[in-house]
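**Q** Take this structure first; my questions come after.
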Amino acid sequence: MAKPIVAIVGRPNVGKSTLFNKLAGKRISIVQDTPGVTRDRIYAEAEWLNYKFTMIDTGGIEPKSEDIIVSQMRRQAQIAIEMANVIIFLVDGKEGLAPADKEVAQMLRKSKKPVVLVVNKIDKLKDENNAYEFYNLGIGDPVTISSSQALGLGDMLDRVVEYFKDDESAGEDDERINIAFIGKPNVGKSSLINKLLGEERLIVSDIPGTTRDSIDSYVDTDFGEFTLIDTAGLRRKSKVKEEIERYSVIRTYASIERADVCILMIDATEGISEQDQKIIGYAHDINKAILVIVNKWDLVEKDDKTMDKFKKELKVNLSFMPYAKYLFISAKTGQRVVKVLQTAKECYDNYNKRVKTGVLNDVISQAIMMKEPPIVGTKRLKIYYVTQIGTKPPTFIFFVNDPACIHFSYQRYLENQLRENFDFQGTGIKSEFRERKEK
């Protein structure tokens, strides 16, 4: 089940990125600088009043003419409208109501999506009167903030999460397995999906996806019901290349959010890129099941060692997710295509796997006997018992004498024991250590 998406929308220079970065610095946990982290921080995980959601900074493009302002603003707003559950409509309280604000407001009213109107740059109490003219937008009561001074952000977020409570669909689980096909343009995502649809011959329907330029295809098989999310699109180059790349990334991230399993497709003739590492790293960071597919394998000159060598190089570049499954195919010739959905289903089953508490503790007891916990300072870690508290991904809590005694190497050892005994290939696992006083 995907978390709600909150998009910050508005014309250029109203302070969208400043607001996003302020929230990121205050409330959003950004993982350390690894290939799994997007440095531009277009997307970030957020939590307020125990509601978890994903925040998007739609950014603002500096235009060269008034016409470009309007067209780029419209594109930005439309993308955000399509993917968001709640929209923060940001306006500039110092500059006042602008014609472009009215055009954005008109789009938002037509969307019938929940909108929180936020008047930014209200740095002083006396400036609050500047907000009154924005009632003319017909979007509702404005919230006044100063993103630069972090004033009013709590009131704004209170309004945002109120809409989550009204969203009954947020609590519904879809029985279908959502699979996002991600990767660079022309790597063969659409070709593979078309091949899968042609071979399965059980397509329910093709419907426009929730993110622009993506298509959701429904496929039923003997072993599962799947939604295939094609993130292909925007393949042609443009004069505004940076803008298009930015929106392409936003759409891909939205598809990852919706997915249970993320399939990273790599061109066998090109190998893996930094862009590939970043995009699949995001899926890893938010704990999705992962399958890496090397496409166009028919174009590679090979011997009996080529595949192992290629996979070894991939594992070095994707060392932050050693659990990933790999598959070498040719969407063009159909080589191993029949294994794609089967392997994705295996990843999903492991992603959704539960282990009985008794069996779990037997394995951990054996692991402790084979390798005793290290002494940290003057204290040795004692593990009393372990239990699984969740799936997607499998999440375990270890009750111990002192969580400070757990060394990362021993935590990795315990997780590896879980992997070896319960086959968690294709999914990350999470472990947490909590103190329990010895009786």
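Note: Cβ is positioned from N, Cα and C throughout, glycine not excepted.
Note that the coordinates shown come from a computational prediction; the quantities given were computed from them, not determined experimentally.
Straight out of Swiss-Prot:
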DOMAIN    4-168  domain 'EngA-type G 1'
BINDING   10-17, 57-61, 120-123  GTP 1 binding site
DOMAIN    177-352  domain 'EngA-type G 2'
BINDING   183-190, 230-234, 295-298  GTP 2 binding site
DOMAIN    353-437  domain 'KH-like'
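Please situate the listed features within the shown structure.
**A** When pLDDT is averaged over the domain 'EngA-type G 1' (4-168), the result is 76.
Secondary structure at ILE122 (GTP 1 binding site), as computed by DSSP, is coil.
In the three-state DSSP reading, TRP297 (GTP 2 binding site) counts as helix. Applying an 8 A CB threshold to same-chain residues 6+ apart, the list for TRP297 (GTP 2 binding site) reads ALA268, PHE328, ILE329, SER330, GLN335, ARG336.
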**Q** Over the span of the domain 'KH-like' (353-437), count residues by DSSP class, listing helix, strand and coil in order.
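**A** Helix (H, G, I), strand (E, B), coil: 32 helix, 24 strand, 29 coil.
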**Q** Determine, using Cα-Cα distances only, which of these binding-site residues is closest to ASN13 (GTP 1 binding site): GLY183, ASN186, LYS189, THR231.
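**A** So, spelling it out, the nearest of the binding-site residues is THR231.
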**Q** Out of the binding-site residues GLY183, LYS189, THR231, give me the one sitting nearest to LYS16 (GTP 1 binding site) by CA distance.
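**A** So, of the listed binding-site residues, the one sitting closest to LYS16 (GTP 1 binding site) is THR231.
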**Q** May I ask which of the binding-site residues GLY10, THR58, ILE122 is closest to THR231 (GTP 2 binding site) if we compare their C-alpha atoms?
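**A** Comparing Cα positions, the closest of these binding-site residues turns out to be THR58.
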**Q** Express the distance between the Cα positions of LYS189 (GTP 2 binding site) and THR58 (GTP 1 binding site) as a whole number of Å.
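**A** Rounded to a whole number, the Cα-Cα distance is 25 Å.
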**Q** Using C-alpha atoms, which one of the binding-site residues GLY10, THR58, ILE122 comes nearest to ASN186 (GTP 2 binding site)?
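**A** In terms of Cα distance, ASN186 (GTP 2 binding site) lies closest to THR58.
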